[in-house]
Amino acid sequence: MDMSRRTLLKAQAAAAAAAVAGIDLPAEAQNLAAGEDIALKWSKAPCRFCGTGCGVMVGVKDGRVVATHGDMQAEVNRGLNCVKGYFLSKIMYGADRLTQPLMRVRGGKFDKNAELQPVSWDQAFDEMARQWKRVLREKGPKAVGMFGSGQWTIFEGYAATKLMRAGFRSNNLDPNARHCMASAAVGFIRTFGMDEPMGCYDDFEHADAFVLWGSNMAEMHPILWTRVIDRRLSAPHVRIATLSTYEHRTTELSDQSLIFQPGTDLAILNFVANYIIQNGAVNRDFVERHVNFRVANTDIGYGLRPEHVLEQRATHANEAAVSQPSNFDAYARMVGEYTLEKTEELTGVSKERLLTLAKTYADPKIRVMSLWTMGFNQHVRGVWANHLVYNIHLLTGKISEPGNSPFSLTGQPSACGTAREVGTFSHRLPADMQVNNPEHRKHAEEIWKLPPGLLNGEIGYHAVQQDRMLKDGKLNAYWIMCNNNLQTAPNTNTETYPGYRNPANFVVCSDPYPTVTAMAADVVLPTAMWVEKEGAYGNAERRTHMWRQLVNAPGDARSDLWQLMEFSKRFTTDEVWAQEILVAHPDYKGKSLFDVLWRNGSVDRFGLDEIAADHENFESKQFGFYVQKGLFEEYASFGRGHGHDLAPFDRYHEVRGLRWPVVDGKETRWRYREGHDPYVEKGAGWQFYGNPDRRAVVMAAPYEPPAEAPDQEYDLWLVTGRVLEHWHSGSMTMRVPELYRAFTGAVMFMHPDDAQKRGLRRGQEVRIISRRGEIRSRVETRGRNKMPPGRVFVPFFDASQLINKATLDATDPISKQTDFKKCAVKVIGVATAERGAE
């Protein structure tokens, strides 16, 4: 057929994306539109990978996904996909896909020291229920826990939070988003009283300058990067500045790169604020009407175990989140310490580049979009980093309007929609509510139709704390879903793996593939993936989007949602709730958790006749009602009327997502701004209505050093992260042949001078050693990542190179998010003789 200009451009873009990874596109990825001669059924879905939320069209034939291409009706990506997105059709069909439950069995009974053997779902659930009941009986709800995911669908995350909090009365539920988005979430709430960005992707087409803080968008958010570059090339006045600790593909295309000493981004942020004040660039009217000032407690520790010497020395380790009221003059004095000279000396960034950056923010005519991700958030002062970039936008009034936007990019497809909005963190409930707030618990109990006082008000164990408590034998029944924690947790040798094999613990892992984590578990449950189930994600711009089940999962694989709901049938309230609650509310006595949580007149109120006639829905047909619709509508009731309004369920299947709050059928692009946000009163201009006084907070916080730095023995900074071709731990992308061939294994990126000093050659095998553990990798002195002297980078996608054996389990003491970007290592070549002896 004839190819239109737009189709040709799309094909060229697809080829370019594949060329970046050094691969050819398969024929199915080039099939941009299905002709009548191709008997495929096409349906919409969001991409399975990052938090961008690209739309894809999924082609199905004979019960199998055989093709995907970018959805031209999707506003996010406009028909484009990155190289990972073009190979979505292959992620579900790895040769080692798990299709039946596995359990460590010897002589027909569970034995923690036995090998994993195939069992039935009933056998697996029966043993799980026995272990959960034993632990609850002997130790109570504090000894059971679950580690979830920003890759859970909204329905799965909501079901998990109900089962854990209302069923088992435990708040030991946390997502792997703790490792990537916790600092951003806490920064939003402490500044604006509500989580998630005020802007949206439309800002890309309006900004005059883009400032990237710790974000390699070209590889980690490539589709959004194309929008940045398109804006840059379309408008000659637009500029891009990238701040990082090393050079990468994003810095290559930036107008200015600022390579700073690890951790000193805080000093740069305070310098910019100081420049704005000293040069009369403060938007006084905005600040006086819309801003309060506070000062943070300092010397707050590093989130290590309480007995660690750094925690013992910290003045405010137990009061890390505390701040005090302040004023503009006090704030100006604090940031006034960050002079141009001091900042240059501390950061290693030249005065010229620092001034250019500061002038960009200070100029009232330049609309600025600040963008950040893991470089900011995986930081022992990540919450402060988020505060300090908001300070700049608030001082200048460059916020909540087209092109003026501080924007936190997300890493997982539903880190926003599931982890944050649903509230699967150990301290949260849906719609920004908190478990330690009695009024919030009361509201949840009313929506969930629970006895008053049932919900537990004690904040649960966060992700790193869960690993520590498993090791210490205090967390004994543990379920990991939709993540690969043993590969991605920090300090895994010392703090993570011991807990999995602790004889006192029973560990379950739900996963589609035999990951490192699955192989260490006591029970492995085979999980349905992506379009093998009906789902919903929420992306980085507050866009909620849904998809139908398009194919069936292989063998006995079941979705996380089915697993959670089916497992609840094995418990009655008498077995999991306190007797005083049942005595006071006898109507609940003897009921199964399934009946209390799901057959409650709310979740089960939509019948099977409402399911799309031309699509499967395994969970709903198993349980006899439209599960996903019931869960969504109950969940949505938390936020409607409170600034988190979601549209009716059916509307999402008609569109390519909607950005909340959705009021009177209309989505909101810019929050807190009159004329854009229906919650802002007429004549107010801006209202940050998450806070009672409707003002945002400027938080004064200084530079403080990282938890660990290089010394004479461990003389290199280690940075970890991702690469374009692989996603997270690689459990999906490493099973796609084209992506595997494009980047077959992790390497250690190093400056050539550092290699030469150590007598190392490119491609040579080396030992990367920290105070906690070591791995082997190979030296790379060329390529995409150009390291300054004294720093090395190792991606974490490779299960044969578990770089997190070396990382430090230091966290931001406020958000509890891990710092994967800063620890000290040494690198030693593997001698020929040593290799020969192995």
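Placement of Cβ uses the backbone N, Cα and C atoms for every residue, glycine included.
Note that the coordinates shown come from a computational prediction; the quantities given were computed from them, not determined experimentally.
If you check Swiss-Prot, you get these features:
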- 1-29: signal peptide (SIGNAL)
- 40-96: domain '4Fe-4S Mo/W bis-MGD-type' (DOMAIN)
- Cys47, Cys50, Cys54, Cys82: [4Fe-4S] cluster binding site (BINDING)
- Lys84, Gln151, Asn176, Cys180, 213-220, 244-248, 263-265, Met374, Gln378, Asn484, 510-511, Lys533, Asp560, 720-729, Asn804, Lys821: Mo-bis(molybdopterin guanine dinucleotide) binding site (BINDING)
- Phe796: substrate binding site (BINDING)
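Mapped onto this structure are the features recorded in Swiss-Prot.
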{"residue": "Cys47", "record": "[4Fe-4S] cluster binding site", "contacts (Cβ under 8 Å, 6+ apart)": "Gly53, Cys54, Gly55, Val56, Asn81, Lys84, Gly85, Leu88, Pro413"}
{"residue": "Cys50", "record": "[4Fe-4S] cluster binding site", "contacts (Cβ under 8 Å, 6+ apart)": "Met220, His221, Thr410, Gly411, Gln412, Pro413, Trp727"}
{"residue": "Glu247", "record": "Mo-bis(molybdopterin guanine dinucleotide) binding site", "contacts (Cβ under 8 Å, 6+ apart)": "Ser257, Ile259, Asn785, Lys786, Met787, Pro788"}
{"residue": "Met374", "record": "Mo-bis(molybdopterin guanine dinucleotide) binding site", "contacts (Cβ under 8 Å, 6+ apart)": "Cys180, Gly214, Ser215, Met220, Gly411, Gly721, Phe820, Lys821"}
{"residue": "Lys533", "record": "Mo-bis(molybdopterin guanine dinucleotide) binding site", "contacts (Cβ under 8 Å, 6+ apart)": "Thr153, Gln549, Ala553, Ser559, Leu561, Phe618, Glu619"}
{"residue": "Val723", "record": "Mo-bis(molybdopterin guanine dinucleotide) binding site", "contacts (Cβ under 8 Å, 6+ apart)": "Glu219, Phe743, Arg784, Pro795, Phe797"}
{"residue": "His728", "record": "Mo-bis(molybdopterin guanine dinucleotide) binding site", "contacts (Cβ under 8 Å, 6+ apart)": "Asn484, Thr488, Arg722, Phe796, Phe797"}
Sparsest Cβ surroundings (other CB atoms within 10 Å) among the binding-site residues Cys82, Lys84, Glu219: Glu219
Counts of helix, strand and coil residues, the domain '4Fe-4S Mo/W bis-MGD-type' (40-96), according to DSSP: 6 helix, 20 strand, 31 coil
For the domain '4Fe-4S Mo/W bis-MGD-type' (40-96), the mean pLDDT of the predicted model: 97
DSSP-derived structure type at Glu247 (Mo-bis(molybdopterin guanine dinucleotide) binding site), helix or strand or else coil: strand
Where Met374 (Mo-bis(molybdopterin guanine dinucleotide) binding site) sits in the secondary structure, as DSSP reduces it to three classes: helix
Cys54 ([4Fe-4S] cluster binding site) CB neighbourhood, other CB atoms within 10 A: 28
Residues within 8 Å of the Cys47, Cys50, Cys54, Cys82 Cβ centre (excluding the [4Fe-4S] cluster site residues themselves): Phe49, Thr52, Gly53, Asn77, Asn81, Lys84, Gly85, Pro222, Ile223
Three-state secondary structure, Val723 (Mo-bis(molybdopterin guanine dinucleotide) binding site) (per DSSP): strand
Other CB atoms, at most 10 A from the CB of Gly214 (Mo-bis(molybdopterin guanine dinucleotide) binding site): 23
Assigned conformation of Phe796 (substrate binding site) - DSSP reduced to three states: coil
